[in-house]
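One structure is given here, and the rest of the page talks about it.
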């Protein structure tokens, strides 16, 4: 393996270790024993859930290609997943407010395990079914667990500030450490032990089953609006009214859709971007490096969120701006360092530059997750939290489906350019959110 991979991985590891070891008392939050027990239980479950998701990440595209499907076929499979998340996932995820968040988390486990099982079949229809199930599971992963956590945190009377601590730790471990281990473990299973690209999906199913057992045994149920008289349609209408009547919620939804849409497009594009001429790249190791970058971002976010300044609405403008620049790199390198067109070999110089930029983008992702969770906990009403969060995913899924549908028609540089523009727009909207939040606080102060 080329030295560049080890240099980037080693450098990132050193920076993360330095940041964690250099934390002082001002960077740490004093908490209670009861909260620590609650937090640790959630972190274990969340880490297992994310392990079930991350183990699949490095080999989804590769597995489909090994079954003989081209980029267009694979694009349609991805579209099925995002479309399912938009249509079915929104309904199933919104039921969490009415039927219970714990039940929705268990549903996530069952649905994703079934999705993993379908990966054993090379039949396109079976794989399509797996993507549909995976889309439903994704909606639940990014709404039900957070909704359960916020409601349970408030129900137990813990300090509101402590919620940020759980968010940052969840991303540090679930989207960082666990993701790194998952990437390396997937690489060992599929390549080193020669079990093949389907083996990480089997491992994922096992971790999901363990997490489901812990949820069954240690979590209590909580709800949003569990009124029997309130139909699912009424929930949707209530969520739509909340979004339309509160500029802050609408802006938050637009920002989340723009960033996550770019992020999920990046997930599809990073493999062909780094190996445009079928260069031999270590997918699992690169994936682990991306997750280490995300871990670095979450470590930075934990420090930022532990202090009252700078406010999350302020520093996220800069993060979105940096993200826009990093995804513009493939466009610039394609223009300044055109490919020689020679098939095979090791990663190119342009690929190395892009890899560094992608790692920076993943660090921004690590900052984004706990920060957006913090803002959602502030602005989204509790009674319709899961419903509104799944509403946010509708434009996200439409955007990704449109991009993937045109994956063969649009050059990869055009798609990266689009993502860069959307991230710049997110930065502008974040600025507007900060102004709206400050204006709301000022008006409340005047009324008092």
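Each residue, glycine too, has its Cβ placed from N, Cα and C.
Here TrEMBL flags 6-22 (among others) as transmembrane segment.
Annotation source TrEMBL lists transmembrane segment at 43-62 (among others). Away from its own ends, the transmembrane segment (43-62) comes close to residues 74, 105, 108-109, 112, 116, 141, 145, 166, 169-170, 173-175, 177-179, 181-183, 185-187, 190, 197-198, 200-201, 203-205, 207-208, 210-211, 214-215, 219, 267-268, 271, 283-284, 286-287, 291 of its chain (Cβ-Cβ under 8 Å, at least six residues beyond either end).
Listed as Cβ neighbours of the transmembrane segment (74-96) (distance under 8 Å, sequence separation of 6 or more from its ends, same chain) are residues 61, 64-65, 103-104, 107, 124, 127-128, 131-140, 143-144, 147-148, 224, 232, 235-236, 239, 264, 268, 386-387, 389-391, 393-394, 397-398, 400-401, 404-405, 407-408. As annotated by TrEMBL, transmembrane segment applies to 74-96 (among others).
Same-chain neighbours of the transmembrane segment (129-150): 42, 45-46, 49, 53, 77-78, 80-86, 88-90, 92-93, 96-97, 101-102, 104-105, 107-108, 111-112, 114-119, 163, 166, 219, 222, 224, 373, 376-377, 382, 385-386, 389-390, 393, counting only residues six or more beyond its ends whose CB sits under 8 Å from a CB of the stretch. Look at TrEMBL and you will find 129-150 (among others) tagged as transmembrane segment.
If you look up TrEMBL, you'll see 170-189 (among others) marked as transmembrane segment.
Here the transmembrane segment (201-219) has long-range neighbours at 41, 44-45, 48-49, 51-53, 55-56, 59, 63, 102, 105-106, 109-110, 112-113, 116-117, 119-120, 148, 152, 185-186, 189, meaning same-chain residues at least 6 beyond its ends whose C-beta is under 8 angstroms from one of its own. Summarising the annotation, TrEMBL assigns transmembrane segment to 201-219 (among others).
Taken from TrEMBL, the feature transmembrane segment covers 285-306 (among others). For the transmembrane segment (285-306), same-chain residues at least 6 beyond its ends with a Cβ under 8 Å from one of its own Cβ atoms are 1, 5, 8-9, 12-13, 15-16, 19-20, 23, 26-29, 54, 57-58, 164-165, 167-169, 171-172, 175-177, 179-184, 186-187, 270, 274, 312, 315, 355, 358-371, 374.
Here TrEMBL flags 318-341 (among others) as transmembrane segment.
Per TrEMBL, transmembrane segment is recorded for 347-369 (among others). For the transmembrane segment (347-369), the list of distant contacts is 2, 4, 8, 12, 167, 171, 175-176, 259, 263, 266, 270, 273-275, 277, 279, 281, 286, 289-291, 293-301, 304, 316, 319-320, 322-323, 326-327, 329-330, 333-334, 337, 339-340: same-chain residues at least six beyond its ends, Cβ to Cβ under 8 Å.
Residues annotated as transmembrane segment in TrEMBL: 390-406 (among others). Within the chain, the transmembrane segment (390-406) has long-range Cβ neighbours (under 8 A, six or more residues past its boundaries) at 75-76, 78-79, 82-83, 85-86, 89-90, 93-94, 139, 142-143, 236, 239-240, 243, 252-254, 256-258, 260-261, 264-265, 268, 415, 418, 422.
Marked as transmembrane segment by TrEMBL: 412-429 (among others). Only residues 6 or more beyond the boundaries of the transmembrane segment (412-429), in the same chain, are considered here, and those with a CB under 8 A from a CB of the stretch are 251, 254-255, 258-259, 261-262, 265-266, 269, 272-273, 276, 317-318, 320-321, 323-325, 327-331, 334, 399, 403.
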